[in-house]
Each structure stands twice: as C-alpha cells, then as structure tokens.
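Since the structure comes first, as structure tokens, the remarks are kept for the end.
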Amino acid sequence: MMTSFFDQFASPSYLGIPLIAIAIALPWILYPTPSSRWINNRLITLQGWFINRFTNQLMMPLNVGGHKWALLLASLMIFLITINMLGLLPYTFTPTTQLSLNMGFAVPLWLATVIIGMRNQPTVALGHLLPEGTPIPLIPVLIIIETISLFIRPLALGVRLTANLTAGHLLIQLIATAVFVLLPMMPTVAILTATVLFLLTLLEVAVAMIQAYVFVLLLSLYLQENV
C-alpha cells in the first residue's frame with residue numbers, strides 16, 4: 001500500500017521514454033503569445049498586468065544591476081506556478097516533486113549570485129562571512145559556520161520546494177483513500193473526511209503558488225546581497 005502511495009512521484013514513461021520532458025515543456029504551450037495588433041484581448045492584458053506587477057514588486061529592493069535578472073526570475077516564477085498547479089489535476093505528474101529538478105534550478109542560480117558578488121564586490125561578499133565586531137577567538141568558528149550556511153542555501157531552496165509539494169500530494173492521496181474506504185461503512189464520517197479533503201485541496205493550491213513565490217523571492221534576496 002505504501003509503495004502505491006509513492007508511485008505518484010515516479011517519473012512516468014511511455015514505451016520506455018520518460019515523459020518528464022513533456023511535463024516541463026507543457027506550461028509554455030498554455031500561455032498565449034502577444035499579437036501584433038494594437039489592442040490585445042483580455043487574457044493577454046491580464047497576463048501582462050500580472051507579470052508587470054510581480055516584476056516591479058520583486059525588483060523594487062534591488063539596484064539597477066539586479067534588474068537584469070527580471071526576465072529570468074519572472075519566467076521562473078510563472079514556470080513553477082504553472083507546473084505546481086498542473087500537478088494538482090488528476091492523472092498528472094508534478095516535476096517539482098523531484099529533488100533533482102529543483103536542485104537543477106537552485107544550484108546554478110544560487111551559484112550565479114555568488115559569482116556576481118565575488119566579481120563585482122569581493123570585499124562585501126566576503127564580509128558577509130564575518131559579522132562586524134566579532135571577538136577574535138570566535139573568528140575561525142564564525143567563518144566556518146557562515147561558509148556552511150552559504151553552501152546550504154541551494155539545498156534549502158530545493159528541499160523546501162520538494163518537501164512541501166510531496167507532503168501535500170501524499171496527504172491528499174491518504175485522505176482520498178480514507179474517504180473511499182469509509183464511504184460504504186460510515187457515510188457520515190466519509191462526508192466529513194471529504195470536506196477536509198476539499199479544504200486541504202484549496203490549501204494545496206495556495207501552497208503551490210506560495211512555494212513558487214518563496215523560491216523566487218529567496219533567489220532575489222540572495223541576489224540583493226551580491227549586487
């Protein structure tokens with residue numbers, strides 16, 4: 001039984017071909033592209049308004065040098081939200097439940113922020129490893145601790161996104177299984193459990209959007225430290 005619960009996180013394949021590539025490419029097909037007309041339709045206007053508002057909110061704390069990341073971070077935000085939301089549909093697969101995919105996003109982007117900081121302002125970037133006014137005997141210990149915390153950042157990014165989505169999907173499947181088991185025996189309890197399942201699904205929709213936003217927000221904070 002427990003093996004079947006975790007089967008939903010296995011990458012599906014058809015004729016020996018993994019379908020994770022299709023799941024990753026699907027979000028970009030769903031969004032309409034702006035036309036060459038002077039007046040766009042309501043969907044494209046709403047899409048443009050959302051992207052502009054999000055980009056302005058995300059780039060506000062950053063200086064001009066960090067604004068070059070606007071397109072990358074906005075695209076990553078839309079991509080993660082779409083994948084997380086599509087994964088809540090029946091008979092679908094959520095690629096962001098795979099730690100390898102999330103680490104593939106987290107490590108290169110985190111490393112890029114560190115390299116930018118070392119290239120543009122190496123003194124300030126290295127100064128983050130040692131707080132000002134530290135007693136001399138604590139300097140080696142604090143440098144080691146801050147270095148470890150620096151290298152833990154990409155792991156925290158990937159594990160946070162993976163753990164939240166995996167736990168939500170697993171909890172939904174467990175409660176849904178309980179509803180089907182209790183329905184013929186105790187209909188009243190099954191109805192109450194189904195109500196909890198509906199509320200949990202709404203919560204999982206919010207988690208899918210919030211975790212994508214938190215992922216991009218933390219990347220912008222790391223970028224802010226280095227620009």
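Each residue's number is its place along the chain shown, starting with 1.
Using N, Cα and C of the backbone, Cβ positions are placed for all residues, glycine too.
What TrEMBL says about this protein:
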TRANSMEM  12-31  transmembrane segment
TRANSMEM  69-89  transmembrane segment
TRANSMEM  101-118  transmembrane segment
TRANSMEM  138-159  transmembrane segment
TRANSMEM  171-199  transmembrane segment
TRANSMEM  205-223  transmembrane segment
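Of the Cβ pairs linking the transmembrane segment (69-89) with the transmembrane segment (138-159) and spaced 6 or more residues apart, fewer than 3 are under 8 Å, so the two regions do not touch. Only pairs six or more apart in sequence are counted, and the transmembrane segment (205-223) with the transmembrane segment (12-31) gives fewer than three Cβ pairs under 8 Å, not enough to call it a contact. Nonlocal intrachain contacts for the transmembrane segment (138-159), taken as residues 6+ away from its ends with a CB within less than 8 angstroms of a stretch CB, comprise 99, 102-103, 105-107, 110-111, 114, 128-131, 215, 218-219, 222. Beyond the transmembrane segment (101-118), the same-chain residues lying 6 or more positions past its ends with a Cβ under 8 Å from any Cβ of the stretch are 20, 24, 72, 76, 95, 124-126, 150, 153-155, 157-159, 161-162, 215, 219, 222-223, 225-227.
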